[in-house]
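Undergrad: Below you'll find the structure I mean.
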Amino acid sequence: MTPVTVRVPAKVNLQLAVGPLRDDGFHDLANVFHAVSLFDEVTASPADSLTLRVEGESIEGVPTGDDNLAARAARLLAQQLGVPAHAALTIRKNIPVAGGMAGGSADAAAALVACARLWGADVDLRPLAARLGSDVPFALLGGTAIGTGRGEVLTPVQVSGRFHWVFALADGGLSTPAVYAECDRLREARGERPGPPQASPDLMAALAAGDAKALGAALANDLEPAALSLRPALRDTLEAGRAFGALGALVSGSGPTCAFLADSADHAESLVAALTEAGVARSVVAAHGPVPGATVL
Ligand SMILES: C[C@](O)(CO)[C@H](O)COP(=O)(O)OP(=O)(O)OC[C@H]1O[C@@H](n2ccc(N)nc2=O)[C@H](O)[C@@H]1O
Ligand SMILES: Nc1ncnc2c1ncn2[C@@H]1O[C@H](COP(=O)(O)OP(=O)(O)OP(=O)(O)O)[C@@H](O)[C@H]1O
């Protein structure tokens, strides 16, 4: 048995349409996932127990024990296969923690792929991914896809060309359940009754055509008012990106990372410089999408 390393991308939600709260505590979604070129790497090496190491510059808040999603993924797969969960896992984190870019979900997907390869198992990982979290199946698949149900039922979307993104990372994270709860609270207070969530035809047309300007205009996130309510300073970040010429600006998923669409790689680099100079984020990075899901290196 030799070590297996898997590279796995972050996501941004191009559209996040949130339906009413379900009886099971989740919300039905029309969730347009898009995998972008910010990657974590998970290595699974032979071992005689399950161990975990987390490496990276900003890993504060990442659990290193049994509750790490990568360790949970390894245990779930071992249980499913009826084998001991013996692997030394190393996560090299680059995806912002609790940033709305599904970093923990990415690590879970990568751990499933790495351990399956290490243990020589040929098994459909998708049902296990869905049990680990609503965002985990997409981290396996990558590309661009519509997630329905709670986000775990995926339909790939055809995309032309490559889109250029800028991500403004915030200090500290936001809790996903807290942001959904704030969304429900705001809707209740405003007397809003959401209908069934639907993917936007304009967004689909923009993706099929590779039209960045149309995509920028179609970006939409129903969780954004809730993220802004919990973190009002994000308004300034979004406004700064728009003022510097972003084609579109929105909070990524449950936030607090803000995503900006640029019209070229050069434009993305100039947006990175302008947003960094404006001091509206902890750090600012460029990336492109779509990119593949969890991949063995
Ligand atoms: C905000 C997103 O990142 C957008 O892709 C996801 O919807 C969140 O996905 P995730 O982090 O994988 O979330 P899960 O681990 O499945 O659920 C965490 C919590 O988020 C809330 N949650 C999540 C997904 C969903 N469709 N409705 C929800 O209300 C629930 O309170 C749930 O208990
Ligand atoms: N491998 C992991 N990496 C990061 N966080 C993890 C991991 N495993 C468990 N967690 C826990 O999950 C919480 C959310 O982390 P994560 O980085 O996945 O957030 P997120 O990007 O906002 O998620 P999402 O976009 O899926 O809602 C963290 O605060 C941490 O307690």
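Glycine residues also receive a Cβ, built from the backbone N, Cα and C atoms like all the rest.
In case it helps, TrEMBL gives these features for our protein:
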type: ACT_SITE; residues: Lys11; note: active site
type: ACT_SITE; residues: Asp135; note: active site
type: BINDING; residues: Pro96, Val97, Ala98, Gly99, Gly100, Met101, Ala102, Gly103, Gly104, Ser105, Ala106; note: ATP binding site
type: DOMAIN; residues: 68-143; note: domain 'GHMP kinase N-terminal'
type: DOMAIN; residues: 203-280; note: domain 'GHMP kinase C-terminal'
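In terms of burial and nearby residues, how do these features look in this structure?
TA: According to its DSSP assignment, Lys11 (active site) is in a strand.
In the three-state DSSP reading, Asp135 (active site) counts as coil.
Secondary structure from DSSP puts Ala98 (ATP binding site) in coil. Using a 10 Å Cβ-Cβ cutoff, Ala98 (ATP binding site) registers 20 neighbours.
Taking DSSP states H, G and I as helix and E and B as strand, the domain 'GHMP kinase N-terminal' (68-143) has 42 helix, 7 strand, 27 coil.
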Undergrad: Of Lys11, Pro96, Ala102, Ala106, the recorded positions listed, which put a C-beta under 6 Å from ligand 2? Please answer none if none do.
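TA: Only Ala102 qualify.
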Undergrad: Distance between Pro96 (ATP binding site) and Lys11 (active site) at the Cα atoms, whole Å?
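TA: Roughly 11 Å, rounded to the nearest whole number.
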Undergrad: Using DSSP, what's the helix, strand and coil tally for the domain 'GHMP kinase C-terminal' (203-280)?
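TA: Counting residues per DSSP class in the domain 'GHMP kinase C-terminal' (203-280), I get 45 helix, 11 strand, 22 coil.
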Undergrad: Roughly how many Å separate the Cα of Lys11 (active site) from that of Ala98 (ATP binding site), to the nearest whole number?
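TA: Distance between the two Cα atoms comes out at 12 Å.
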Undergrad: How many Å lie between the Cα of Gly104 (ATP binding site) and the Cα of Asp135 (active site)?
TA: 9
Undergrad: Could you give the Cα-Cα distance between Ala106 (ATP binding site) and Asp135 (active site), in whole Å?
TA: 8
